[in-house]
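Scroll down for the structure; my scribbles are underneath it.
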Amino acid sequence: MPARDQPSRRYDAPPPQPRSNYDVESDTHRGPYSSESGSPGTYDGRGFYDQHTYDPYPPQDSDSESGIGVSTSAPHAEYTGGAGQIREAYPAWSADRQIPLSKEEIEDVFLDLTQKFGFQRDSMRNMFDFTMQLLDSRASRMSPNQALLTLHADYIGGQQANYRKWYFAAQLDLDDVVGKLQNPGLNRLRSKRGPNKHAAREKSLNDAMERWRQAMNNMSQYDRLRQIALYLLCWGEGAQIRFVPECLCFIFKCADDYYRSPECQNSTEAIPEGYYLRAVVKPLYRFIRDQGYELIEGKFVRRERDHEDIIGYDDVNQLFWYPEGIARIILSGGGRPLVELPPSQRFLALERVDWNRVFFKTYYEKRSFGHLLVNFNRIWVIHISMYYFYTSFNSPTVYAFHGVTARAMTWSAVALGGAVATIIMILATFAEFSYIPPTWTNTSHLMRRLLFLFVTLALTCGPTFYVAIAEQNGTAGQLALILGIAQFFISVFTMLLFAIMPSGRMFGDRVAGKSRKYLASQTFTASYPALSKPARAASILLWVLVFGCKFTESYFFLTLSLRDPIRVMVGMKIQGCHDKYFGSALCRNHVALTLTLMYIMDLVLYFLDTFLWYVIWNTVFSIFRSFVLGLSIWTPWRDIYARLPRRIYGKLLATGDMEVKYHPKVLVSQIWNAIIISMYREHLLSIEHVQKLLYHQVDTGDAVGKRSLRAPPFFISQGERGFKGEFFPPGSEAERRISFFAQSLTTELPAPLPVDAMPTFTVLTPHYSEKILLSLREIIREEDQHTRVTLLEYLKQLHQLEWDNFVKDTKILAEETEMFNGPNPLAGAENAEKKQDDLPFYFLGFKSAAPEYTLRTRIWASLRAQTLYRTVSGMMNYSKAIKLLYRVENPEVVQEFGGNTDHLERELESMARRKFKFVVSMQRYSKFNKEEHENAEFLLRAYPDLQIAYLDEEVSKEGGDARIFSALIDGHSEIIPETQRRIPKFRIELPGNPILGDGKSDNQNHAIIFYRGEYLQLIDANQDNYLEECLKIRNILGEFEEYAVSNQNPYARWDGKDASRTPVAIVGAREYIFSENIGILGDLAAGKEQTFGTMSARSMAWIGGKLHYGHPDFLNALYMNTRGGVSKAQKGLHLNEDIYAGMNAFGRGARIKHTEYFSCGKGRDLGFGTILNFQTKIGTGMGEQMLSREYYYLGTQLPIDRFLTFYYGHPGFHINNMLVILSVQIFILTMVFLGTLNESVTVCRYTANNQLVKGLSGCYNLSPVFDWIHRCIYSLLLVFLIAFLPLFTQELIERGTWKAVLRLAKQFGSFSPFFEIFSTQIYTHSILSNLTFGGARYIATGRGFATARINFSTLFSRFAGPSIYLGIRTLLMLLYVSLSLWTPYLIYFWVSITALCLAPFMFNPHQFVISDFVVDYREFLRWMSRGNSRSHANSWIGYCRLSRTTITGYKRKRLGHPSEKLSGDVPRASWRAVLFSEIIWPIVMAVIMVIAYMFVKAFPDPDGKIPPSPLIRIAIIALGPLVWNAAILLTLFIVSLFLGPILDANFPKFGAVMAFIAHILGTIGMIGFFELLWFLELWKTSHAILGLITVITIQRAIHKLLVSVFLTREFKHDETNRAWWTGRWYGRGLGAHVMSQPAREFAVKIIELSLWSSDLLLGHLLLFMLTPPMMIPYFDTIHATCLFWLRPSQQIRAPVFYSKQKKQRRWIMIKYGTIYVSTILLFVALISLPIIFQSALHGSCSLCKSI
């Protein structure tokens, strides 16, 4: 057989044995694969692969049978090994291993399919290589035959194969009888209502499955491979269809049926390349794209639709779950259903399908809080019903008749708890109706459930009416009592039923029902993996303990403390108060209203309690689990190190298979030395430390000259005390890594396989625009004038030791270079000069600016920041680890190559390349700028095996749509000299732009086709990895439980054993946050990760509740990719894309594990703003999850213990945050009401022995209420403190008592409680706003170091809406409470509510530097007043418009003004969403505050006169400013309308002057009205404050009402604002709107003036609060120490300014300092003068008496 030559390849191999219905014509293979027909339209027509280049994925030539001729392009045929044999590309799939099909035959199959279906050539080559690598990976640990069989079983026909599950779920076994190719009659077996329908159906299903198994068993290996190849080819070009796995199954089924038909077998001409993409993929892609985007003026623009109007991936996918759905697929033209065609014709008919008429919504993701009710109904039932049982039993006075509570009434009233549970269920069912479309499978069981619930409601509340009437009339006898008791027990049973039974299993069991119609729903949403018995027991025990403790504690602590207040308050009527309009009605009901608020408060605390107990018990379980796993520090330390060598040998090396020729010590020494040297290379250890840690060869002293290995002193001296400090710097990174490595090996690890038998795996990293490598400029220049330090300086402070080691290293290098290049003639010999000479090294790390030196410093810094280079160099340790393990475990390989290190290195390289791939998906690679491109090139040169997948765009010359390709390059790809770009190895056309969602998941999806092997590790672009962790890779891949392979054919027989084995889809790992020592915020972020990512994950994975996959997790790639990929991708809805992959795998029956012994590094955000951006992203993402169908399935289908684990582990945390904030607000509101009582009536006081103090007759007994207040404050304090418990215990276990106490002390010393309170509010706000308005989007979080000071106006505009406004309103209420009802306990509230207002400024670097503060003040004033005469990117008016548009939305018309860029794209909020949060709630708050104010004013003054109506007074003060603003605006409008057009051209500041006048007058009006109120209150401060709060709530309600109800959509630009002030309405491009806009703008300006004035006053108030600390000397140093945890000596210097800047700053200081001081004086005067002169000022106030 001649050696084949490359350009025109022929396959002359004789056809193998005859195959079933497959006609081999070797000639047909030549057509589309001869290389002359280059790839379409790319790179000047040359075929990609004509260029004899280095190509790690060659079109394989080295024919295994012939073994003649070495192909020029096969990389693995580079050299001949020991025996002169040629290196195989896929060594495990070689001729000497009885392979079922040779590589060439497999390639023939791919070529044949490509011709028959029109797949792309590059996709075919990619998938061929994919399949071969997969077979090679499997065949390396089992026989090739078995490898192919198991692969087919996993993809197509096995018990766990998704395709088989779908086939039966969609009832296709009825469509084509398995085993027969065609089913002539298409009479679907409609389920006939027969007598024994159930049994018959089950039998028919079992028979069908048995037929399926036999068909699979009888298949030839050739056909099996053909099916795998066809599936992979469909998948490889599927693009967005990869997100809809069952749709892909359907396409594969059509293709497979077509292939087996005579038409396909007999056709002679090939289908043109690209047919599959054009006819099958593109129409579906277009449908999905057009759901979210529309074409406007040649550009795709996001449609203004919310999820409920978008048919998303999940809706598309669910159509294929049901036979009724598949029957909806109709062809365009006649509208004929596709199923009416015989199966063999369906594939070619797919291009004629009219997809727009096929799909529909299968679940409405409406924005509403009803989702919380539906998904978590059991939580509400458990809590509210139990709370009702407890509280009603303890409120006997409420239902007492004639002052006596009868027993029958008590039973019956308490029994209403059952009715409460039923009402919750009824509401949940109604809500469910609105989320589920009324289709074939859904609504029947909902109707049945509703009927049942109404009957239950009658049973649980009916008897109460009878008992109450009987008791009222005094006719109740024994019957009433019996009825009451019966009703109570029915109630308890009802409540238990609703609390335990998942609602999805009531009336039509969607989880375990036998009916065939539920099969799809069970298969894809409710196949939850069963827990082992111990784990299930632990799960149940956890919840029994949590609720046991909770119910006990809540009863005695919360409910009983409410008993006495209820007793004294129920009958209490306030005497002697009267209102002009309401008479005494207010006073009669005021106490009842207060009591209602107290009930609500108690209910909220009742919810918080549960979370508290969950945290406690979860921590206990986690600690218990860590002791079981052997993870704790409390196992004696010395043993950990002393036993380390033995453990390395026993656990990391595959020693079982090794012949014991070599001493274990020799093998372990190689591993250990490699770890230590890698740390030395990373500059973590100095040379002195290394000497003490390495194994050394020493002479034994024998005459023979034998040498032996000496263990490092480190292992030997473990017996002595005080060993630690000598071996590595104390507290260093090296110490942490070595101790974690030693500790992790104490746990149980799966045994490793030998390297050549281990599975192949891929690391995949999506990259968008993250830093690849820091440039020199970024390192040694300050970012802006607000930064006081260069990045290099800062990093040197943080990593002092590592910098010293780096400098030593560099100096040695420089000296060597000098010796090499000859000495420097100018170098002085004196030491002093030498030291001076070395200064540049210590400052910059280099002395000569040669690129090789500067590059070293750049790399040093990049490896300590969050860069892609750090990630790549970390993950490439896998390659080093595989080489190391291979060399250590196979010493014969080393011997074979003797002294030829090149060949040895190549052998190791090829092994590493075969077992490990690294793909970075650089979405923007083709659009990189010069610097980014150079950095990417540097990566490829440093790591040639790194593969980069990117999107390549090709603009067509005719001006049609650009074609987009997925392309792959690596460091071996050839560079085109003209463009300096590399030639891709694969370039696969996509149906269109793949980025339809939030980006990350689409980016992963386009690159997923380039992964290789069986497992994937998903890594973010801010992670790191270490050599010693990478050595455990074989152990962690063993967690997938696929190492031990039975030799039995998977289709031989299906018994229970294999079926019950649930596959492992995800193996979680720990993350170490490497930014934890960078100040308080880095530490808090790290603490969160430790508690959630490690501690919770540990216990949750044990009891089957771990869903979330964080980023170092490993995925079973085959499992995930046949079930919709590694993440979901609908824009907005799947913002936290990764958690959906976990929920998807969990619902489809896979296990999710968590490992403790493997850890990756991970960076976190370090600045206050970026951390909160990240939390906002998590919060809004959680809001989106609440809407998702996954939560609906989990919430309504999981059994109770697993449901609770899911709830408290995921949404419960966020709902708890919402309740914490709510509890504080309700508590303060309750206190306001109690304050009004305390202030207005006489409260009884008692002496020590409970005697009433004399002279207090007619007093009101409120002392039990004050006791209750103290209990509440304790509860809230506890809720807050318990948040620190998990972190403390985690530290305690892993690092010891001292470190745990120290860390907690450091956190509290650095004001971390302030941050916690603030972040709770941010979480709450982001979820609430998301559930109301939507707008979840990916926020790119800053990964840099937060050393820059952010100015006041930026922080104010970012945090005013989420937190500061709420904080100030609550602070005013608290001020009133403190004035009217002081108790020392309130200090806690003062602290926590101040945190809501001031936290952003407290965590701002250098906030308290006086000069910067004044400059800030100037910027704040300018920010407030900019943007009125010309538009400005950063102004108050822009901020105000932006916050308004979430409600109003934008006009669709585009005018192309530059200021349009400033506004994001926000859809208009729906009416339903806005109604509650923006209209009803503010009005309710206003009404409540008005009631409080009126109550205070309803008592006669000391002279006995009844005051005038407070309602009129409050109306004047509240509406006055609005009228005043309207008057100002109207006057100025007329002025500007007449003068503006004349003056505006000559005086560009005209508009600004007009705006300035209006705003100043508005502010004066606002202050004036408050002073008037105070004056009318006769200077009584507490009443004035209460009045002020009431005024604020009224004005807020009016503003919200105006914006929500009356405002039309906003223009995208700010022309109308400028037109208003300048009076020039023409020439603004407003068109017809010019008539309507002035009226709209008038309404807007009235609101804006009020808001502007209040923001100006609020801004000043915050600045005043921040002023006192600046008066303390050295406060900035103390503040910086708290923030950065740097000693004052190491702290960042003051900035250096030029003399011009100094002069400018001095002038600003004088000018604005004066203004600031005068505003402080004015503020003090306005408050203190009235207080000082109050007696003189009110005199005889006749006005006060009339209003």
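Cβ atoms are placed via backbone N, Cα and C, with glycine included.
Whatever TrEMBL says is automated annotation, not expert-curated.
Taken from TrEMBL, the feature compositional bias 'Basic and acidic residues' covers 1-12.
As annotated by TrEMBL, region 'Disordered' applies to 1-82.
According to TrEMBL, the domain '1,3-beta-glucan synthase component FKS1-like' annotation covers 222-334.
The transmembrane segment annotation in TrEMBL covers 369-390 (among others). Within the chain carrying the transmembrane segment (369-390), a Cβ under 8 angstroms from the stretch's Cβ atoms is held by residues 414, 416-418, 420-421, 424-425, 427-428, 431-432, 434-435, 495, 498-500, 502-503, 547, 551, 554-555, 559, 602-603, 606-607, 610, 1186-1187, 1191-1192, 1194-1196, 1200, 1203, 1207, 1211-1212, 1215, 1331, 1476, all 6 or more beyond its ends.
According to TrEMBL, the transmembrane segment annotation covers 410-430 (among others).
Annotated transmembrane segment per TrEMBL: 450-469 (among others), in sequence order. Counting same-chain residues at least six beyond the ends of the transmembrane segment (450-469), those with a Cβ under 8 angstroms from any Cβ of the stretch are 399, 408-409, 412-413, 415-416, 418-419, 421-423, 425-426, 429-430, 476, 480, 483-484, 486-487, 490-491, 494, 506-507.
Feature annotation from TrEMBL assigns transmembrane segment to 481-500 (among others). Beyond its flanks by at least six residues, the transmembrane segment (481-500) meets 377-378, 381-382, 385-386, 389, 407-412, 414-419, 421-422, 424-425, 456, 459-460, 463-464, 466-467, 1200 of its own chain at Cβ-Cβ distances under 8 Å.
The list of residues near the transmembrane segment (590-608) in space but at least 6 beyond its ends in sequence, with Cβ under 8 angstroms from a Cβ of it, reads 383-384, 386-387, 391, 554, 558-559, 562, 565-566, 569-570, 572-574, 1216, 1219-1220, 1222-1223, 1226-1227, 1229-1230, 1233-1234, 1236-1237, 1265, 1268, 1272, 1275-1276, 1279, 1491, 1495. Taken from TrEMBL, the feature transmembrane segment covers 590-608 (among others).
Here TrEMBL flags 1218-1237 (among others) as transmembrane segment.
Taken from TrEMBL, the feature transmembrane segment covers 1268-1289 (among others). Cβ atoms under 8 Å from those of the transmembrane segment (1268-1289) belong to residues 557-558, 561-562, 564-565, 598, 601, 605, 608-609, 611-612, 615-616, 618-619, 622-623, 1087, 1090-1091, 1095-1096, 1220, 1223-1224, 1227, 1231, 1234, 1300, 1303-1304, 1307, 1313, 1316-1317, 1383, 1385, 1388-1389, 1392 of the same chain, restricted to positions at least 6 beyond its ends.
Here TrEMBL flags 1359-1379 (among others) as transmembrane segment. Beyond the ends of the transmembrane segment (1359-1379), by six or more residues, the same chain brings 1172, 1176, 1224-1225, 1228-1229, 1231-1232, 1235, 1318, 1321-1322, 1325-1326, 1386, 1389-1390, 1393-1397, 1399-1400, 1443, 1581-1582, 1585-1586, 1588-1589, 1592-1593, 1655, 1658, 1661-1662 to within a C-beta distance below 8 angstroms of the stretch.
As annotated by TrEMBL, transmembrane segment applies to 1479-1499 (among others).
Summarising the annotation, TrEMBL assigns transmembrane segment to 1511-1539 (among others).
Under the heading transmembrane segment, TrEMBL lists 1551-1576 (among others).
If you look up TrEMBL, you'll see 1707-1733 (among others) marked as transmembrane segment.
Ranked by the number of CB pairs under 8 Å to the transmembrane segment (1511-1539), the listed stretches 410-430, 1218-1237, 1479-1499, 1551-1576, 1707-1733 are led by 1551-1576. Mapped onto DSSP helix, strand and coil, the domain '1,3-beta-glucan synthase component FKS1-like' (222-334) counts 72 helix, 10 strand, 31 coil.
Here the transmembrane segment (1551-1576) has Cβ contacts under 8 Å with residues 1425, 1428-1429, 1513, 1517, 1520-1521, 1524-1525, 1528-1529, 1532, 1535-1536, 1540, 1544, 1584, 1587-1588, 1591, 1618, 1621-1622, 1645, 1649-1650, 1652-1654, 1656-1657, 1726, 1730, 1737-1738, 1741, 1743-1744, 1747 of the same chain, all six or more residues outside its ends.
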